[in-house]
Amino acid sequence: MSPSAPANSAPDPDRNGVPDVGPASAAPPDLQTAAARAAWLRSTLQHHAHLYYVLDAPELPDAEYDRLFQELQAIEAMYPALRTADSPTQRVLGQVRDGFVVVRHAVPMLSIRTETDTEASGAVAFDARVRRELELPDDAPPISYATELKFDGLAINLRYEHGVLVQAATRGDGESGEDVTQNIRTIGQIPLRLRWAPTLGADAHSLPPEGARFALGRPGGETGAPDLAPAVLEVRGEVYMRRDDFEALNERQRERIARGDKGEKTFVNPRNAAAGAVRQLDPAIAAQRPLSFFAYGLGEVQGWALPHTHAGLLDALAAAGLPVCAERAVVQGADGLVAFHQRIGALRDSLAFDIDGVVYKVDSLALQQRLGFVTREPRWAVAHKYPAQEQMTRLLGIEIQVGRTGKLTPVARLEPVFVGGTTVSNATLHNEDEARRKDVRVGDTVIVRRAGDVIPQVVGVVLEQRPDDVGEPFDLYQRLGGRCPVCGSAIARPEGEADWRCTGGLFCAAQRKQAILHFASRRMMDIEGLGDKLVDQLVDAGVIRTLPELYKLGVAKLTALERMGEKSAVNLVAALEKSKQTTLARFLFSLGIRQVGEATAKALARHFGALDRVMDASVDQLQAVPDVGPIVALSIRTFFDQPHNREVVEQLRAAGIHWAEHEASAAADAAELPLAGKTLVLTGTLPTLGRDAAKDLIEAAGGKVSGSVSKKTHFVVAGAEAGSKLDKARELGLVILDEAGLLALLNEAEADADADAEGLPDSPVAPT
C-alpha cells in the first residue's frame, strides 16, 4: 500500500445515500453532488487508512480502496476547489525544493534530562528527586508515573488547526526547526485530519474516566466534527523506521548498487535512515522510505481543556487517530519505575524498532505544573537509558579467522569500547563482500553494534572522520596471498558464495580444532570435559589429528599434557567411553557436514533409519527428506563421496560408537510416528522438563519444534514466564498445553498413532 494510496482496508461501507460520481458516471456531477461525494470519500478513505496504518486491522480490499481513491482524484481534478489539505490525495505532492524553510516553535521543543545511571538506582534517584521537590513527607503515598519508551528516531512537531494537519517541523535547536510538512504527509500513520469527537471536546469535565474508550468519528460524513477540534493542537512525537522496514530498504539499496545506479548507498542504522528521509528535498523520494510515527506529547494548544493526567492525554491522542505506542504504563513509585525499566530491558531486542531507554513522567499534569522546569528541562520527567547498543571506536586492524568448515571470516580488531553492556575489542565483518560494501579500512572510525547475545559487528564507517593515511580497501585474497593463514593451503571462493574457504580440510589445524570441538559439543557426542583449551593442547602437541584418535586417548597420554591431572584424565576417558552410545541423528550432526544442522540430521535419521542408507543415498533420494533441498542434498552427497570422510566414519564405528536399533526408523515408519506432520512451539520454563528434553520427546514422536508461532502451528507448550509467543497463540486461537498436557498428548498419541491431533480435547490445557 503506497503512502499516497494506502491500499488496504474493508468492504465498501454504507454510502449513507451519497451517490457514486466516480469515473464510471455517465455525466459530470453538479458541484453540490460532487462536494458531498468528495466529503464522504475523504472520510471513508481516512477511516480505512487509520485501520491499516495505526490499528493494523485492515478491512477494505486493496482494489476497492484504490477504486475509491481514484474516484476522489477524479472529482478533485474536475472541481479543484474541492481539493482540501486533509485529502488523502495530498499525501505525496509538491516540487523538489532548494532547501527547507525555518519555522519558529510556538512552544519550544525542550529536551528532557537523561539519567546517567543506567541501573535500577537511576529510577530510585529520580523518584527521590521528585518527592524532594514536592516536599512530600516520607509516609506520603507513592507518586503515579506515566512510563513510556524512548524512541531512537527524529523528534517532530505536528501542528493541527481545527483538526487538519497544516505544518510539520523538526526539533532543530528547540526554538526553531525546519518545515518538513510535505515529507511528513507521506507517512500513512499520521492522520491529515484528526478523528475528533464530542467526548474529546474542550470541556474537560466531559471526558470519560481515565482508561475508558474515547468515542471515535465514523464514516458517513467528515471524520469527527471539525468545529469541535481544537483551534490549535501541536502534537510532539518521533518519526522512526521499523527494523524490518530498514532491512528491506537496505536490501533494495543493495540491488540498486548492484545494478550500477549512481548515488545510491546503504544506511548505517534505522535512525539515520529515518532522519535522512524526513530531510529529503524531494518528497517523492521521502515517500519511498518506510517511515513510522509515535505521538508522546503536546506543544501549543488552543481550545482544548486537557485531561488531568499524561496517560489520559495519550489516550485522547490515540482516540483522535494518532499512533501511540502500546508499551506504556502508569506505575506507582520507585518500585514501579524499576520494574518497568527491567521489563522493557528484557523486551528491548525483540521490539520491532530501536529504543535507547525509557521515559518517566509524573502522571498528574497539576503536579507537572508545580514541579516546573530547571535550565530548560522539566523537573517532572527523565530519560532512563540502557547501555548503548552502538558506539564509535577506531579500527586497529583486520585479522582472518578460520572456521570449522574452512570459512575465512575477517574480524575487526578495535580500540576497546563499552557497548551493549560489555567491553568489545573484536567485531565480525562477516565476509569480504560486506567489508568492501561498508568500505571498512584500517584507521577508520567505525560504528560497532552489540545487541543482546548477538556477536558484535561493525555496521558502518564514519567517513567524516576518515584520516588521510587510512589503509587500502579490503581484499582478502590479496591480503593472504591466496593461502590459508593457518596451514598455508590454497583458498578458494566457490561460485555463487560470499565466503572464501581454506581447502586444507582436516590437514588445517584450525579446522581440525573446530571440527573436534563441534564433534564433542553437548548436542552432538556430548563429551564432557573436552573444551577449547584442551583441544588446543591436543592438536598443537600432535596428539590428535583425526576424530577417531580421540577414542585412543588414555590416562597416560592425557597426564603427559601440561596442567592435566590424573583425576581430570580419568574423567575425560570415562566421558569418551560414555559418548560411544549415542543416536544416529547426533552422530550425523557431529560429523560437521556443511548445511546439515541438528534438525536436518534428525530428519535424515528418521527418513533413512540407518547410516549406510544415508551414506549411499543419491541427491534425488536425499531431496525426498523433509526440508532437504538441492543445496543441502548436494552437500551431503559431496561429503560422503570423499574417501577420507568415509574412512573417518568407519574408524569411529570401529572405535565402538553405536546407537540402539529401535531408534532407526525407516521412511515408511516415519510417517506413522504419532506426531508426524505436527508443529509445536515451546515457550517459557516447564516445571520438570528442560527445553532440550521436551524437544527430544516431541521429535522422537515425529513432531517438529518451531521457534515461532504461526497459523501452521498445531500446539503451543507454555511454561512459567511465557512471553509474546503465548500472546500470539491466544490471538490465533491455537491449542495451548502445559507440561502435563504435552505428556498426555504424547501418551495418547502413542496409544493411537492414527488419532487426529485436533481430536484430543481431553488433554490438559494450560489456562488461557
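Numbers run from 1 along the shown chain.
Placed from the backbone N, Cα and C atoms, the Cβ positions cover glycine too.
Taken verbatim from Swiss-Prot:
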- 1-28: region 'Disordered' (REGION)
- 1-11: compositional bias 'Low complexity' (COMPBIAS)
- Asp62, Ala63, Glu64, Tyr65, Asp66, Ser111, Ile112, Glu148, Arg171, Glu238, Lys361, Lys385: NAD(+) binding site (BINDING)
- Lys150: active site, N6-AMP-lysine intermediate (ACT_SITE)
- Cys484, Cys487, Cys502, Cys508: Zn(2+) binding site (BINDING)
- 670-759: domain 'BRCT' (DOMAIN)
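Mapped onto this structure are the features recorded in Swiss-Prot.
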| residue | record | contacts (Cβ under 8 Å, 6+ apart) |
| --- | --- | --- |
| Ile112 | NAD(+) binding site | Val359, Glu377, Pro378, Ala381, Val382, Ala383 |
| Lys150 | active site, N6-AMP-lysine intermediate | Ile355, Asp356, Gly357, Val358, Val359, Ala383, His384, Lys385 |
| Arg171 | NAD(+) binding site | Met109, Leu154, Ala155, Ile156, Asn157, Gly177 |
| Lys361 | NAD(+) binding site | Tyr145, Ala146, Thr147, Glu148, His310, Gln368, Trp380, Ala381 |
| Cys484 | Zn(2+) binding site | Val402, Gly406, Leu408, Ala490, Ile491, Cys502, Thr503, Gly504, Cys508, Ala510 |
| Cys487 | Zn(2+) binding site | Cys502, Gly504, Phe507, Cys508, Ala509, Ala510 |
Glu64 (NAD(+) binding site) CB neighbourhood, other CB atoms within 10 A: 17
Shell of the Zn(2+) site beyond Cys484, Cys487, Cys502, Cys508, same chain only (C-beta within 8 angstroms of their C-beta centre): Val402, Gly406, Pro485, Val486, Gly488, Ser489, Ile491, Thr503, Gly504, Phe507, Ala509, Ala510, Gln511
Three-class DSSP secondary structure - Cys484 (Zn(2+) binding site): coil
Surrounding CB atoms that lie within 10 Å of the CB of Cys508 (Zn(2+) binding site), all protein chains: 21
Residues of the domain 'BRCT' (670-759) by DSSP state, where helix covers H, G and I: 36 helix, 17 strand, 37 coil
Sparsest-packed among the binding-site residues, when each Cβ's other Cβ atoms within 10 Å are tallied, from Asp66, Cys502: Asp66
Where Glu64 (NAD(+) binding site) sits in the secondary structure, as DSSP reduces it to three classes: helix
DSSP-derived class (H/G/I helix, E/B strand, else coil) of Lys361 (NAD(+) binding site): strand
